[in-house]
Amino acid sequence: MFINRWLFSTNHKDIGTLYLLFGAWAGMVGTALSILIRAELGQPGALLGDDQIYNVIVTAHAFVMIFFMVMPMMIGGFGNWLVPLMIGAPDMAFPRMNNMSFWLLPPSFLLLLASSMVEAGAGTGWTVYPPLAGNLAHAGASVDLTIFSLHLAGVSSILGAINFITTIINMKPPAMTQYQTPLFVWSVLITAVLLLLSLPVLAAGITMLLTDRNLNTTFFDPAGGGDPILYQHLFWFFGHPEVYILILPGFGIISHVVTYYSGKKEPFGYMGMVWAMMSIGFLGFIVWAHHMFTVGLDVDTRAYFTSATMIIAIPTGVKVFSWLATLHGGNIKWSPAMLWALGFIFLFTVGGLTGIVLSNSSLDIVLHDTYYVVAHFHYVLSMGAVFAIMAGFVHWFPLFSGFTLDDTWAKAHFAIMFVGVNMTFFPQHFLGLSGMPRRYSDYPDAYTTWNTVSSMGSFISLTAVLIMIFMIWEAFASKREVMSVSYASTNLEWLHGCPPPYHTFEEPTYVKVK
């Protein structure tokens with residue numbers, strides 16, 4: 001029965017598929033918003049003609065891409081599909097809660113879209129800072145709807161996190177220790193812990209903002225003894241772990257893809273990889289004020305947050321060099337997934353280097369709120385998180401669907417996307433170094449050249465998205481079934497065939513330990 005299977009599902013594979021489809025669809029919406037942004041900035045002068053609507057688009061682009069594309073696809077899609085298969089569990093620990101986690105997202109998305117449809121929309125940026133987000137600068141229901149949208153997305157993620165933590169700790173075979181689980185399972189576990197600890201703080205902050213707006217409290221209003229800086233601390237205590245939540249599952253995916261296509265039976269430095277992810281997760285919670293170097297922190301506070309932020313480069317470097325060591329001496333297969341993974345390693349590293357530049361509080365005074373910051377986080381998100389999602393998608397597509405993608409189309413898709421994103425975001429470093437500020441719909445003529453190049457790049461990326469849609473259609477239309485899978489003995493998820501049966505591991509799993 002269609003309704004029973006897809007609306008009331010308690011099956012991790014079906015829910016994972018729902019997450020992947022929802023994330024792909026939201027990704028199209030987010031891409032459309034980004035194209036509007038780049039169309040506006042493609043030449044000097046106004047296109048949309050209104051700065052408020054421009055900022056509404058920027059805000060919606062961020063929320064859609066983060067909460068409705070990257071997180072649902074990585075954690076909800078790949079996490080649901082692969083974690084139970086990789087640890088030999090029959091399903092998730094709480095299958096019905098799993099379904100609720102997914103079905104909280106469409107209403108959340110609806111509220112976000114509704115916020116742009118009423119009044120003037122929420123043109124606050126994704127940070128939703130008061131007083132701009134207060135009830136004077138943003139009168140009307142827009143920001144309130146955005147806050148409710150975030151509440152639903154947050155509850156969804158918290159429930160999902162509880163589910164993953166319970167599943168991974170509790171549903172392994174008795175003989176399997178945590179240090180025998182694959183790196184993707186580790187990455188999801190650490191991500192879930194980060195979600196569980198950071199989201200309640202965001203909920204507190206936006207709830208206080210809600211009461212400031214509607215119930216006359218003054219948490220963030222100096223007139224009543226409040227402080228807008230308190231909101232920034234609460235938001236970024238969530239916001240910084242959040243960016244690691246977005247990339248950690250990607251680290252797990254890349255570890256699997258690189259190992260598989262290097263012909264290795266295990267990644268280089270397994271324990272180091274685990275240690276590095278745990279370190280990144282911990283450090284992610286104690287660096288939040290590096291987003292606030294311009295608000296007037298004490299010099300000793302700035303010194304601490306500068307050095308603490310730089311420390312994160314060490315475990316990140318451990319991971320990058322371990323991936324390179326995994327490649328070393330391998331029988332490398334230049335599959336599309338491997339290309340995405342290699343692109344990830346290179347471009348994520350570039351994004352990390354600009355992050356090190358920004359971690360210097362003195363330099364950040366100049367670079368804060370310029371396009372240098374935009375370039376930095378789009379390198380680690382648009383070429384880190386997205387490349388990881390694409391690597392995982394083309395690698396596990398035969399597992400999810402039972403069909404194979406066309407190799408040539410997949411490689412062409414990678415090439416066009418690679419050119420597009422680099423052409424879009426590399427020039428933004430130059431704009432930032434020249435002082436072009438973020439979140440403005442127009443700019444002085446001096447910035448025209450690189451903005452035009454950047455906007456052209458975004459249209460190349462759009463072409464890549466269209467090719468991807470065609471590539472997926474082509475795979476389902478041609479129905480090339482999977483012949484055989486290499487290395488299934490060290491890649492447990494492939495053990496049951498492509499696609500696996502509806503129920504896997506119905507009897508308890510046993511592991512022989514040597």
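Cβ coordinates come from backbone N, Cα and C, glycine included.
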Where Swiss-Prot splits the chain into topological domains, do VAL295 and ASP445 land on the same side of the membrane? yes
Do you know which of SER401, SER434, SER441 Swiss-Prot groups with GLU40, GLY45 in the Na(+) site? SER441
Swiss-Prot Cu cation site partner of HIS290, HIS291, selected from HIS240, HIS328, HIS376: HIS240
For SER441 (Na(+) binding site), nearby residues of its own chain (Cβ under 8 Å, 6 or more apart in sequence): GLU40, LEU41, ALA46, LEU47, LEU48, ASP51, TYR54, ASN55
If we skip the immediate neighbours and take only residues 6+ beyond the ends of the topological domain 'Mitochondrial intermembrane' (40-55), which ones have a Cβ under 8 Å from one of its Cβ atoms? 120-121, 123-125, 439-445, 447-448, 451-452, 454-456
Quick check: in three-state DSSP terms, what is SER441 (Na(+) binding site)? coil
Those binding-site residues listed as HIS368, HIS376, and which of them has the most Cβ atoms within 10 Å of its own Cβ: HIS376
Would you mind listing the long-range same-chain contacts of the topological domain 'Mitochondrial intermembrane' (361-370), meaning Cβ under 8 Å and 6+ residues beyond its ends? 290, 293-294, 302-303, 305-306, 431-433, 435-439
Neighbourhood of the Na(+) site (GLU40, GLY45, SER441): other residues with Cβ within 8 Å of the Cβ centroid, in order? LEU41, PRO44, ALA46, LEU47, LEU48, GLY49, TYR54, ASP442
